[in-house]
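Inspection log for the structure reproduced underneath, given as structure tokens.
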């Protein structure tokens, strides 16, 4: 009895393994998507058309995930340099021939219109992990320097577009690889110190006025209640008035009355907080934590250095996305244009995120095939 | 030393570092999530009351402001569709402590029916409590005054004014202007689909309608919805806890929709409506200006008052409109009828043009026609025939069926199909009304695909007298008449002459596409037109009685369409057949003959013969339009005509 049950379980598992699907991770992602559709329906003014388009995006994301899961980590590692160089090429192309929208030059049109910075979200960690794959770890100073060049070149190119938020996130994903490779603690502390020193320089020479405005508003939202502080105040009212159990689905007064701008995109967390309350937020955080735990678990089991570094870095990057978004909507961080991963309506980021989960699934399911 | 370290890879150490770093990462993740959670607990539990109050206060609100809908004028500047200020009693459920009590007390002041109350309570049950809902619309001045005295007894209830569409001429123009109706869920979905189709952010079009409850559902109101509607404005206001506006912080004015100016002449429209009502007929009349394709009048009878729909029609009232007379049905654009003999001039022109017949072709008319090797007799309406032999002019003037049976078989369905499409049959006229139907211009392919049967010669015979499969809309018939009046030019029919922005003189004229039928040998067309002139003249014309003593010259053609097919050996006897199977009476014509100002088609359901019933109505219409509206004097028109015809000879 016991054995046959175990066997059938194994048989089912092996079928999904042959398809390179990690079931726990998939279930976690699907739960998040289902949650997203509920909130998008409410935040979008009960528009079914909006939900339909979101379903289409999720479909595309699942396809991207499934396709990347088929690519073995070994192949990914071999192609990393080419992928990276092409990505850099696109970034340069954007600077020279890119299409502008809302004051930033972020898009390129080769038949389809896309943001090359999206590619770099994957290309940078893959490249850095691939670089460290055969090196002795923890990295020597020389290897560290070279890896930093790999991280900062695309970061600077994206910063020039300008897209500070994305460039910092991409840098973070590369730096996480270095962190997991065993970067010495004294370097980490040193970098923190440099960061503190650099902050004023960034403020005066790098940051744009609108970015400074966001930081100032963040520090004192009441100073501009109808301008840039409006978002923060309104989203905090929305979340706060939700209470423990929320006002109920479709019943958020703040969000439904259109107090909240961008309520179905970047500020969707406020709608969720208002309508589902603390209970809903705990559920969301639990789902996120489950996905992150599974990602780190898969990375720990990774059969080579490349898989482990890449898997862990991608997982941690996912966390940064949700942390920055929730922190921003809750008034803990300045406002940056960043969607809540897998929940916000729209954005090409869904496909990129799902692709990174595809890589995690590949790491998980290609493991045994090689060691056996 | 350094080099040596670089070369060796210590897998054990690497793994343990990675393991430790993962644990550290997880600890950081959990810690930061805890931090986020703490923040949410602070907002939602510890400071909940503060934010709850702020949320209730809703200090700053953005309110959409509905734009004013564009107006519609006739060609003389008479206002056909206007906006009227109406007052509604509105309730914000959230601000009412005891709804049942409030409704009870409101009922004591106003006459609100139980049905209205039920509808209102049903409506608020599943909708957000913070919105405002009308419990009674169309308040009288008296009621508004009464409420304003008692307002302080009714927190959460207010009287709101808004503009609503009003049609001063009611039923007379409903089939032209259409009507308004509440925006439905389907409408909203259609807006989203349009956004997708136009590559716009979803919700862009909806936003334009944020403050608009109604939209055009039929007729011009629907066709020109985008132009008439205008653009939504907005108002950022500070409100108190009761939702009353304290001050306006910012205001973006709405943009008024553009006005429409029609070719339509209100007086003519009214005259036709009145005449049809006096005669008590169902049917349609379409009159166009041949020189422009502009529609001068478009009447479909019976009709209904579109104002009934503006405030939301009750199901009881709506049921009343679902009579066998079908007043909701726009016969002018949606009704498809056999054209009967009215298309004989067009067929005659085609026969001459294609060289199938000549002006001197004469055929024998025993009173029937039969195909070779077939003894089925296709009967002429005149049982004993129109004389020994008949030529094309006589065939048109006396509406000789036998001649056209013969002609249609000679032409064949392929040539007829191509030729008649040139006159606009089987196609939309391009009129600015969405509901327009195309009718059927039959062809071999049409029959194969819809009836799964081959085309028979007998089918062609019936086509020759505008019966059989051929159906047209009154609009197409008027259009085809204008093509003759216009020496072969076919315009797209248009109701709207121009759109104008309020208080501005610039106007955008809709594009007038046109087609020119090949009339290279003008004499064929002249022959047809002169024959049509004889239709309205003694001694033999089928419409001679109707146009007796007319002060202008008319070209016309009568038609009588069988609604029920009569068996071979039966006689048509109106007295024995149910009214709905009586013949349809038709007439097409234009006048004045030389410089046409009006071309029209009259279609009267089950009214009997075209000459005796439809032609007299056409006479009344032409008399009114030419003599009273245009005040054409016979001297200048027909006098000029004679000298002109002298020149052509």
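Along the chain as shown, the residues are counted starting at 1.
Keep in mind that glycine also has a Cβ here, set from the backbone N, Cα and C atoms.
The feature transmembrane segment, as given by TrEMBL for the ranges B:18-38, B:39-59, sits at B:18-38.
Taking Cα separation as the measure, residue B:341 (active site, acyl-ester intermediate) is nearest to B:400 of the binding-site residues B:365, B:380, B:386, B:400. When Cβ neighbours within 10 Å are tallied across all protein chains shown, the highest count among the recorded positions B:341, B:365, B:380, B:386, B:400 belongs to B:341. Looking just at the domain 'Penicillin-binding protein dimerisation' (B:65-249), the mean pLDDT is 84. Taking the mean position of the Cβ atoms of B:365, B:380, B:386, B:400 as the Zn(2+) site, the remaining same-chain residues with a Cβ inside 8 Å of that point are B:367, B:382, B:385, B:387, B:390, B:395, B:398, B:401, B:402, B:403.
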